[in-house]
Amino acid sequence: MKCLSCQYEMPIDQHQILCPKCGGLMEIIVEPLKDFSFSKLRGKGVWRYKELIPGSYKSIVSINEGNTPLIKSSNINGNLYFKFEGLNPTGSFKDRGMTVAVSSAVSLDYKTVIAASTGNTAASASAYAARAGIKSFIVLPKGKVALGKLAQSILYGSVILEVDGSFDVAMDAVMKLYKDLKIVYPLNSFNPWRLEGQKTIAFEIIEELGVPDNVIVPVGNAGNIYAIWKGFNELVKVGVIDRIPRMIGVQAEGASPIASAIIKGKDTPDFIENPDTIATAIRIGKPVNWQKAVRAIKESGGTAIIVSDSEILDAQKTLARKEGIGAEPASATALAGYFKAINDKIVDKDEKTVLILTGHSLKDPDSMTKADAKRILVNPLHIEKIILGEINGSNS
Ligand SMILES: *Cc1c(COP(=O)(O)O)cnc(C)c1O
Ligand SMILES: [Zn+2]
């Protein structure tokens, strides 16, 4: 393990979440296995790749996460694929990280877990803690969490702590709490063990498709884009693939510290005090994993893209109406970013491109109802007339 801040290096130790010297973020560096091959693997989902996931686990807390479909576009572009992470057990990719982090917590005999969240980490942490039979606290920005996500945490039985302020305020509180009170295990993505689960997105893409040219990822706290890049990188090291796709990060206009820095060619982002976007899952002004994300983007020869809320909602609707796939607004940023990348000639339409659709549309019912649809109050006796009018175009 290596500290990103002070460069301190130590042998892999599952107890370590932050640097024991300076409290900085740690990176887990996995020794490449000899004779690794996908054909020897058994099972499905995240734990299919257990050989590539460091740590030792007394018991595995799993709800069959991962093994999500890679759906080929049928009406937007035949070279475009959607990795639909919305089909994980709680409806987002967070489950891939949570199975590893909660299994770690249980193996280390923790009885209590905590997570700050814009909603999906909370839903996932609540479910996995419930499955493990341990207590969970979640810290949410009050009034800023999509209804489906809040409802999940209520159902799974977490203690819900709501703060006045943004996700960043909640995140700071959890980080401080963990530093002061070591008996509560943190499930945010500053916990590098979570990213070890999330990297399996890369493994599944390679097993099914081979190496795409581009992978486009919505970026919030910025752990996932790094985790996926790390997965590709580890496959290069074991000799399964010989190149890494370009990692392209997408952020929303009102919450784009990393993308702004990349676009301006700056090495460090300017954090944003009051981030705002309809894509609540990535409504983050101070991404804790920014160093890791910048590295993934730069070392893969990728870039970053900024999209507006109206482009996000348009993309969400296009994805639903052209492909039949329902993704939450944060996930739709990947498609909005793809359209922009094609337009700006960052990506060619002939290149094989995978969009990471991070979460399910049912997470955020309010956003779905913003899509325009005809809703007509009818007298049942007039339905026939209305349908014929619609079909013949006279009511349009
Ligand atoms: C968490 C989340 C993201 C952002 O992932 P990071 O690792 O924080 O960058 C994007 N979309 C959805 C739906 C999420 O839940
Ligand atoms: Zn350090």
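Glycine is no exception: its Cβ is also placed from the backbone N, Cα and C atoms.
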Of Thr358, Thr369, which does TrEMBL put in the pyridoxal 5'-phosphate site with Asn120, Gly220, Asn221, Ala222, Gly223, Asn224? Thr358
Pick out which of the binding-site residues Gly220, Gly223 has the most other Cβ atoms within 10 Å of its own Cβ. Gly220
Look at each of the binding-site residues, Asn120, Asn221, Asn224, Thr358, and point out the one with the fewest other Cβ atoms around it within 10 Å. Asn221
A 10 Å Cβ contact count, applied to the recorded positions Lys94, Ala222: which residue has the minimum? Ala222
Binding-site residues clustered about Lys94 (N6-(pyridoxal phosphate)lysine) [Cα within 10 Å; pool: Asn120, Gly220, Asn221, Ala222, Asn224, Thr358]: Asn120, Asn224, Thr358
For pyridoxal 5'-phosphate, residues beyond Asn120, Gly220, Asn221, Ala222, Gly223, Asn224, Thr358 with C-beta within 8 angstroms of the site's Cβ centre include exactly Ser189, Pro218, Val219, Ile225, Ala281, Ile282, Asn289
